[in-house]
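Notes to accompany the following structure.
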Amino acid sequence: MNEVLAKTANVDMNVSDEEAIRIEKMNKWYGSFHVLRDIDLTVNRGERIVIAGPSGSGKSTLIRCINALEEHQKGRIEVDGTVLSSDVKNIDKIRSEVGMVFQHFNLFPHLTILENCTLAPIWVRKTPKKEAEETAMHFLEKVKIPDQALKYPGQLSGGQQQRVAIARSLCMRPRIMLFDEPTSALDPEMIKEVLDTMVELAEEGMTMLCVTHEMGFARQVANRVIFMDEGQIVEQNEPEEFFNNPQNPRTQLFLSQILGH
Amino acid sequence: MSDTHAQSVAFVRETQIPPSDPPSSQTGAVKWMHENLFSSWFYGLLTLLSLYVIYVVLAGFLPWLFNGVWQASSIRECREVLDGATGGCFAVLTERWNQLLFGIAYPQDSYWRPLLAFVLLFIAAAPVLFAMLPRQMLLFTAIYPFLAFWLIWGGTILWPLLALAGFIVGYVVFGRLVKQSFAYGFFGAIVAAMITWWIGGFIVPAIAPEQTLLSAVPSRDMGGFMLNMILGTVCVSLSLPIGIVLALGRQSSMPIIKWICVVYIEFIRGVPLITLLFVASVVLAYFFPPGSNLDLVLRVIIMITMFSSAYIAEVIRGGLAALPRGQYEAADSLGLDYPQAMRLIVLPQALKISIPGIVNVAVGLFKDTTLVSVISMFDLVGAIRGPILAATEWNGVYWELWLFAALLFFIVCYGISQYSQWLERQLATDHR
Ligand SMILES: Nc1ncnc2c1ncn2[C@@H]1O[C@H](COP(=O)(O)OP(=O)(O)OP(=O)(O)O)[C@@H](O)[C@H]1O
Ligand SMILES: [Mg+2]
């Protein structure tokens with residue numbers, strides 16, 4: 001426990017006052033279904049936020065709005081000083097600054113691991129191929145699978161694929177990383193290797209928004225845990241407070257269910 | 001096995017027993033026949049029956065084939081030579097060889113030109129078909145259409161050069177403008193190419209020399225298997241990119257584009273090709289300003305391309321639909337723009353899924369080129385049906401001619417099919 005606390009303290013020094021993401025009164029509908037209601041959220045640079053909540057509460061939708069994979073209908077989202085509008089230039093700029101890791105990895109099956117990692121730097125950032133490959137190998141080493149670089153995604157285990165997906169995002173040198181349940185499609189023994197990678201990333205001061213049900217990870221890494229239900233942010237607090245002393249009855253119920261067994 | 005027992009076993013063999021042969025009833029031909037041909041009395045009966053059928057067919061066919069007459073000037077002469085024995089009258093193939101391949105009117109002294117174009121076709125197609133060949137070869141592929149046109153149609157080289165110039169100007173303009181946006185580049189390139197062609201259209205007739213290196217051959221003189229090859233190659237290579245654009249357009253989020261593509265595809269698919277060909281042969285001329293005598297072969301190419309591109313679009317749409325949404329989202333989240341996402345992520349995968357369907361359409365299209373015989377063009381089928389079978393010397397030599405036609409088409413179609421299977425194996429990267 002002490003170790004974890006020491007780590008947390010260490011990591012906290014990275015948080016600055018600068019805002020990375022600012023969401024104001026954001027609303028989203030799917031047709032007539034009101035998925036997100038009046039979301040207000042500010043994330044500072046270097047902050048690590050874990051988003052939890054029951055299924056269907058809109059967690060995925062919220063983080064997908066941040067890099068415009070979903071369009072919001074009302075309110076304002078500002079990422080790295082750029083306001084998200086329907087302007088394609090803005091959207092592409094934000095997307096190249098924000099990395100995203102998906103539940104089902106979404107690697108490109110027709111490209112090798114290395115090509116998966118170099119594709120966006122070469123085409124979006126116009127990095128020379130050789131430099132892009134060096135960067136890719138650097139990050140593949142970081143996620144501990146440099147020896148798989150020339151294989152295809154179909155030849156890797158789920159945990160390895162997810163780590164490649166993280167490396168692929170990092171190759172774009174993003175300032176913010178979004179994770180949507182990165183471990184929930186994995187077998188238990190592979191979850192740890194992916195979480196370890198994410199902890200390492202957090203320790204380096206990456207701004208992270210992470211939807212996950214891994215409460216151990218939340219305790220260890222998060223500065224703030226956000227609880228969502230029915231499209232609203234119901235409660236947010238530091239992890240210790242959040243887990244030991246939840247205020248809202250819905251949070252209490254959720255925590256008792258998820259930690260109960 | 002318990003420990004005590006393991007200790008009590010004192011003997012350990014130190015050499016391996018040499019492997020002995022299995023009983024002869026379990027090996028070789030005997031075993032294979034037993035397993036595959038006579039595994040039960042019923043299968044045994046079927047085997048014997050099949051052997052009998054094969055025998056009957058070959059007994060009729062082989063003498064006909066090997067006893068055939070290859071040198072004769074008419075069917076009567078064939079019959080005299082055979083004198084009642086079974087045998088094909090293949091003399092029609094040797095005597096009308098050139099008509100079968102090049103049609104009735106293509107000038108004899110220029111046969112080398114389409115032949116050369118045919119040989120060069122393999123060099124031009126190679127880098128497209130085989131990714132491991134050096135990419136520089138694509139330069140020749142880009143020049144090939146203009147070169148082939150010049151070789152086959154002859155006349156002044158200025159026309160194909162003008163066409164090429166239009167594309168080059170378009171490409172340069174595209175390269176300049178695409179940095180601002182893809183749409184700018186695309187439409188800018190089209191406008192630039194159009195202007196080049198329009199201006200060139202005035203200049204070329206003025207400076208074209210009377211005497212040209214290769215004598216001009218008008219389109220109505222094209223025929224034989226050459227015409228099928230021209231139509232097949234041109235239409236397949238045009239309808240693939242057009243089909244891709246249509247398929248992407250049908251998925252577009254812009255209602256107008258989507259609507260145009262849907263109407264086009266549904267309309268073309270609802271119409272028989274033969275009616276489109278009739279439209280090409282008679283009606284289409286009315287749509288163009290009087291005096292602009294649009295070449296018949298060109299009109300047919302337009303129609304067949306329109307037809308098959310609609311089918312290819314639907315095949316590719318199937319491939320696009322089979323891609324998980326996550327692929328689009330991953331491409332988007334990395335900041336790839338629409339053309340990049342399509343070119344690098346979506347199309348390579350969708351096209352790979354669509355290969356069997358595309359090949360199906362391509363093979364069908366190639367065979368459908370014989371339909372032009374109905375609008376009195378003398379392609380292979382038209383040449384056989386018309387001038388050859390109508391001639392008194394050869395009236396009645398059906399089997400030999402139609403089998404030959406079938407054989408030519410089979411060779412090409414089987415080749416396409418084999419290539420596509422090889423390609424699918426090459427592209428298999430999901431080792432599940
Ligand atoms: N494309 C869509 N069209 C219509 N409704 C949708 C769409 N995507 C999601 N929804 C609905 O929006 C709600 C929120 O979905 P979301 O995926 O954000 O939930 P979540 O909190 O991520 O749930 P989970 O934990 O199961 O992933 C759900 O009720 C879902 O049914
Ligand atoms: Mg979700």
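Think of each number as a place in line: the chain as shown, counted from 1.
Using the three backbone atoms N, Cα and C, a Cβ is placed for every residue, glycine included.
What TrEMBL says about this one:
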type     : residues  : note
DOMAIN   : B:225-420 : domain 'ABC transmembrane type-1'
TRANSMEM : B:41-66   : transmembrane segment
TRANSMEM : B:111-130 : transmembrane segment
TRANSMEM : B:159-178 : transmembrane segment
TRANSMEM : B:185-207 : transmembrane segment
TRANSMEM : B:227-249 : transmembrane segment
TRANSMEM : B:261-288 : transmembrane segment
TRANSMEM : B:300-323 : transmembrane segment
TRANSMEM : B:344-366 : transmembrane segment
TRANSMEM : B:397-416 : transmembrane segment
Out of B:159-178, B:227-249, B:300-323, B:397-416, which stretch touches the transmembrane segment (B:344-366) the most, going by CB pairs under 8 Å?
B:300-323
So what's near the transmembrane segment (B:397-416) in sequence-distant terms, Cβ-Cβ under 8 Å and 6+ beyond its ends?
68, 75, 78, 88-90, 92-93, 100, 225, 228-229, 232, 359, 362-363, 366-367, 370, 380-381, 384, 388-389
In terms of Cβ proximity under 8 Å, which residues at least six beyond the ends of the transmembrane segment (B:159-178) contact it?
143, 146-147, 149-150, 184-186, 188-197, 200-201, 204
